[in-house]
Amino acid sequence: VIGGDECNINEHRFLVALYDGLSGTFLCGGTLINQEWVLTAQHCNRSLMNIYLGMHNKNVKFDDEQRRYPKKKYFFRCNKNFTKWDEDIRLNRPVRFSAHIEPLSLPSNPPSEDSVCRVMGWGQITSPPETLPDVPHCANINLFNYTVCRGAYPRMPTKVLCAGVLEGGIDTCNRDSGGPLICNGQFQGIVFWGPDPCAQPDKPGVYTKVFDYLDWIQSVIAGNTTCS
């Protein structure tokens with residue numbers, strides 16, 4: 001996250017860290033939505049992944065930190081009008097909720113335009129050069145209406161959200177992918193894509209719109225993985 005500050009240790013209990021299981025490289029963020037399921041971005045996928053829950057500083061382990069790996073992964077492939085950007089990961093075994101681990105509930109309503117939203121992650125804090133922090137950074141950004149989004153990115157599909165600061169300087173960045181966009185306390189977006197370098201004026205970040213995928217997410221969790 002560019003232009004943010006170290007997150008409060010208690011504000012990101014649902015934020016998970018995805019690591020490449022072979023190289024041990026930090027890849028992406030993700031969001032815990034219940035004891036067995038994590039949502040992230042599809043391009044974060046690797047054949048082997050470790051998922052760390054309850055982490056703050058990458059180099060200092062909490063007593064209640066837990067590690068899981070994907071038991072099964074599901075990608076959205078149901079409707080050509082939707083972006084194929086998100087990934088549901090079923091964990092190999094349920095997570096124990098604790099002081100530093102609790103889920104973020106799915107949204108009950110779509111986000112209202114002009115919401116102030118919170119983003120967070122262990123992604124780049126400078127762009128360029130690439131500086132990765134040991135602790136997650138958090139920032140507040142604004143949700144933009146779809147016209148602003150299309151103005152910045154004319155070929156943008158519809159099932160997305162754009163958020164940022166029009167004058168630039170605050171934005172999600174590389175390796176924040178997969179983490180949450182939280183608007184008015186609700187989990188509304190998944191970090192997907194943005195300009196390179198990050199945090200440019202008039203170039204908001206792009207997020208998968210969680211509300212538009214609720215039926216699919218809930219059916220996958222319920223065990224129905226076919227498209228209705």
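Backbone N, Cα and C define each Cβ position, glycine as well.
Residue density at HIS43 (active site, charge relay system): 13 other Cβ atoms are found within 10 A of its Cβ, drawing on all protein chains shown. What Swiss-Prot lists as active site, charge relay system is HIS43 (among others).
When secondary structure is read from DSSP and collapsed to three states, ASP88 (active site, charge relay system) falls in the strand class. Take the CB of ASP88 (active site, charge relay system) and look out to 10 A: across all protein chains shown you find 22 other CB atoms. For ASP88 (among others), the entry in Swiss-Prot reads active site, charge relay system.
Residues annotated as active site, charge relay system in Swiss-Prot: SER177 (among others). Neighbour count (other Cβ atoms within 10 Å of the Cβ, all protein chains): 25 for SER177 (active site, charge relay system).
What Swiss-Prot lists as disulfide bond is CYS7-CYS138 (among others). Taking a C-beta cut-off of under 8 Å and a sequence gap of six or more, CYS7 (disulfide bond) has these contacts in its own chain: HIS56, MET120, VAL135, PRO136, HIS137, CYS138. Annotation note: CYS7 (disulfide bond) sits in a coil segment as assigned by DSSP.
Long-range Cβ contacts of CYS44 (disulfide bond) within its own chain (separation 6+, distance under 8 Å): LEU18, LEU27, CYS28, GLY30, GLU87, SER177, GLY178. Annotation source Swiss-Prot lists disulfide bond at CYS28-CYS44 (among others), citing sequence analysis.
Under the heading disulfide bond, Swiss-Prot lists CYS78-CYS227 (among others).
DSSP classifies CYS183 (disulfide bond) as strand under the three-state reduction. With a 10 A radius on its CB, CYS183 (disulfide bond) counts 24 other CB atoms from all the protein chains. According to Swiss-Prot, the disulfide bond annotation covers CYS117-CYS183 (among others).
Per Swiss-Prot, disulfide bond is recorded for CYS149-CYS162 (among others), and the stated evidence type is sequence analysis. DSSP gives CYS162 (disulfide bond) a strand state. Around the Cβ of CYS162 (disulfide bond), a 10 Å sphere holds 25 further Cβ atoms from the protein chains shown.
CYS198 (disulfide bond) is surrounded by 26 other CB atoms, counting those within 10 A of its CB over all protein chains shown. The disulfide bond feature in Swiss-Prot is assigned to CYS173-CYS198 (among others).
Annotation comment: Swiss-Prot describes 1-222 as domain 'Peptidase S1'. Mean model confidence for the domain 'Peptidase S1' (1-222) is a pLDDT of 93.
Sequence-distant contacts of ASN45 (N-linked glycosylation site), defined as residues of its own chain at least six apart whose C-beta falls under 8 angstroms from its C-beta, comprise LYS73, PHE75, GLU87. Reduced to three states, the DSSP call for ASN45 (N-linked glycosylation site) is coil. Feature annotation from Swiss-Prot assigns N-linked glycosylation site to ASN45 (among others); the stated evidence is sequence analysis.
The feature N-linked glycosylation site is assigned by Swiss-Prot to ASN81 (among others), with sequence analysis given as support.
Residues annotated as N-linked glycosylation site in Swiss-Prot: ASN145 (among others). Cβ neighbours within 10 Å of ASN145 (N-linked glycosylation site), excluding its own Cβ and spanning all shown chains: 12.
Per Swiss-Prot, N-linked glycosylation site is recorded for ASN224 (among others). In three-state terms derived from DSSP, ASN224 (N-linked glycosylation site) belongs to neither a helical nor a strand segment and is classed as coil.
Counted within 10 Å of its Cβ, the other Cβ atoms near CYS138 (disulfide bond) come to 19, all protein chains included.
Cα-Cα distance from CYS149 (disulfide bond) to CYS117 (disulfide bond): 16 Å (rounded to the nearest whole number). Cβ neighbour count for CYS117 (disulfide bond) (all protein chains, 10 Å cutoff from its Cβ): 22. With respect to their backbone Cα atoms, ASN224 (N-linked glycosylation site) and HIS43 (active site, charge relay system) stand 23 Å from each other.
Residues within less than 8 Å, Cβ to Cβ, of CYS173 (disulfide bond) and separated from it by at least 6 positions along the same chain comprise VAL1, ILE2, GLY123, GLN124, ILE125, SER127, GLY194, CYS198, ALA199.
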